[in-house]
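Chemist: Swiss-Prot feature annotations, pasted as is:
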type	residues	note
BINDING	GLY383, GLN384, SER385, GLY386, ALA387, GLY388, LYS389, SER390	ATP binding site
DOMAIN	24-316	domain 'ABC transmembrane type-1'
DOMAIN	350-583	domain 'ABC transporter'
TRANSMEM	29-49	transmembrane segment
TRANSMEM	62-82	transmembrane segment
TRANSMEM	149-169	transmembrane segment
TRANSMEM	170-190	transmembrane segment
TRANSMEM	250-270	transmembrane segment
TRANSMEM	276-296	transmembrane segment
Amino acid sequence: MDKTRQTELVRWLKQHSTSAKRWLRISMLLGVVSGLLIIAQAWFLAVILQALIMEHTPREQLLTPFILLLAVFVLRALLTVIRERVGFRCGQVVRQEVRNMVLNKLQALGPVWVKGKPAGSWATIVLEQIEDMQEYYSRYLPQMYLAGIIPIMILIAIFPFNWAAALILFATAPLIPIFMALVGLGAADANRRNFVALGRLSGSFLDRLRGLDTLRLFFREKAEVQQIRESTEDFRSRTMEVLRMAFLSSGVLEFFASISIAIVAVYFGFSYLGELNFGSYGLPVTMFAGFLALILSPEFFQPLRDLGTYYHAKAQAVGAAESLVTLLESDGEQKTETGDKTPQDKPIQIEANKLEIYSHDGQRLVGPLDFTIEPQQRIAVFGQSGAGKSSLLNLLLGFLPYKGSIKINGDELKELCPDKWRALIGWVGQNPHLPEQTLIENICLGKPTASEAEIQQAIDDAYVSEFLPMLPDGLNTRLGDYAARLSVGQAQRVAVARTLLKPSRILLLDEPAASLDAHSEKRVMHTLNQLAQQQTTIMVTHLLEETVNYDQIWVMANGQIIQRGHYAQLSQSEGPFARLLAHRSEEL
């Protein structure tokens, strides 16, 4: 990572501290008050020791300083607790803001773009890398200011009593940040490499875990174990690199702080022996001045030590910020354009003219296409894998950029508000996704205010009621991760019930019967065919017999519509559809 990039990332991190500026200021104020209490604590200790050792003052006369000293101890402890909570709140506010930005960005980019990375990599970015920014905001930023303020306060407290001790501290203090910077020059880059290795490990491990059955069927266990072992070893070595730099930096800090404190102690020792006679403005060096300086000397370097400790929090945050900034600035070579126009709430007509669909990296996937879909017309789309069928659906969902024109009821798609347009879409894919915890929450995902009668109608029409009695808690049954309690067919029926419950103007179906058993396939397709009669429908499918009553059938290949017409027309004429039908008949 070059210096310019690192500076940009630090600037980005500081910009996002504005949302927590109030908490940051409170944390700094508490730190300054804590610094004043440190000076007061040293002052009372020095007064008590001077009185007891040099002046032989009776203890009864020192009751007030003892009480004040105890009060300072209690106040410092309270301030430490409060400051920890304020610091945590400061980091929490920023983390929530950044996480919302990342999630909104992923939503804007759409699932097509997100699928370009393994799920484990996204989990690392959204969870771990954002969490690793916590200490930068809660500790490093406040400490960056306190590291300059508190030492100056301590110098001001010592200087009136002994300028030599103050001068020693003043002269040695700059050595710590200088050597800290030299030692930690590559810390941000090391943290960045560590995050990359962690993302790679998370992605590969999660993908292998999900595909464990397939790997075992093809005897790939040993090869994949070796790959995970290599990723783990890479992550281990990069983690140890970060720790090595952290320990080296801490060692440098402790060394120079110890040397400086030792010089102050030697100075006062020789002064008390009469060997040195300077530093106290021509007066004898008092025990009070010596105790005050020696008690405050470690506290003088403590903010700098803390800054050195938290410096690695900064390096960690910079390393995490690189992938976050890269994500937030990502639009691909082709950006999905959106508008704010409200779509017309009426039966959907779609008209495409010289339509070309592109991936986010600028590759043309489909086109050019010219077609018109009339209101409540049903279209079935066939084609080999990679023909462009799913890309067409993803375009209509607003997840892919395009050139040319595609109009919805006369309005250009890119001019419509994406959220309002998607609110008119009913969607069932081939891999049902049930993100909520319970069955009822997943069914009501698109319409949380649905009545009991509407819910009952949806689960009856989608044949969810067939397996509902087998679930332990009925509609309130927890489904587990990836809907583990349900079979694929049952999960697809839940997805259909969710679509039935949500009012829509256009129905998009992407292989809704894929991977289903015969019983579930029959149930799902019967329900969807009934639903398709009520609205404009585009269905990508491989089930030829389900398209007999559809208004048009499109056959796609290499991003083009190479044949279109009604089932009876296409089955009787020469072409890809007739060949596909003949091939299917031979299989049966």
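Placed from the backbone N, Cα and C atoms, the Cβ positions cover glycine too.
In the displayed structure, how are the listed features positioned relative to their neighbours?
Modeler: The DSSP secondary structure for SER390 (ATP binding site) is helix. Same-chain residues at least 6 positions away in sequence with a Cβ under 8 Å from that of SER390 (ATP binding site) are, in sequence order, ASP510, VAL540.
Proximity of distant same-chain residues to the transmembrane segment (29-49), defined by a Cβ-Cβ separation under 8 Å and at least 6 residues beyond the stretch ends, is recorded for 62, 65-66, 68-69, 72-73, 75-76, 79-80, 82-83, 86, 142-143, 145-146, 149-150, 153-154, 157, 287-289, 291-292, 295-296, 299, 303.
A Cβ distance under 8 Å defines the sequence-distant neighbours of the transmembrane segment (250-270), meaning residues of its chain 6+ beyond its ends; these are 164-165, 168-169, 172-173, 175-176, 179-180, 183, 276, 279, 285, 290, 293-294, 297-298, 301, 304-305, 308-309.
Within the chain, the transmembrane segment (276-296) has long-range Cβ neighbours (under 8 A, six or more residues past its boundaries) at 38-39, 41-43, 45-47, 49-50, 53-54, 154, 157-158, 161-167, 261, 264-265, 267-268, 270.
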Chemist: Please work out the number of neighbouring Cβ atoms within 10 Å of the Cβ of LYS389 (ATP binding site), leaving out its own Cβ.
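Modeler: LYS389 (ATP binding site): 23 neighbouring Cβ atoms within 10 Å.
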Chemist: Six or more residues out from either end of the transmembrane segment (149-169), which same-chain residues have a Cβ under 8 Å from its Cβ atoms?
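Modeler: Distant contacts of the transmembrane segment (149-169): 31-32, 35-36, 38-39, 42-43, 260, 263-264, 267-268, 278-281, 285-286, 288-290, 292-293, 296-297, 299-304.
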Chemist: Residues near the ATP site, GLY383, GLN384, SER385, GLY386, ALA387, GLY388, LYS389, SER390 excluded, by Cβ within 8 Å of the Cβ center?
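Modeler: Neighbours within 8 Å of the Cβ centroid, excluding GLY383, GLN384, SER385, GLY386, ALA387, GLY388, LYS389, SER390: SER391, MET556, ALA557.
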Chemist: What residues, ordered by sequence, lie under 8 A Cβ-to-Cβ from GLY388 (ATP binding site) and sit at least six positions away in the same chain?
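Modeler: Long-range Cβ contacts: ILE357, LEU365, VAL366, MET556, ASN558, GLY559, GLN560.
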Chemist: List the residues of the same chain that sit at least 6 positions away from GLY383 (ATP binding site) in sequence and have their Cβ under 8 Å from its Cβ, in sequence order, or write 'none'.
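Modeler: In sequence order, the residues whose Cβ lies under 8 Å from that of GLY383 (ATP binding site) (at least 6 apart) are LYS389, VAL555, MET556, ALA557.
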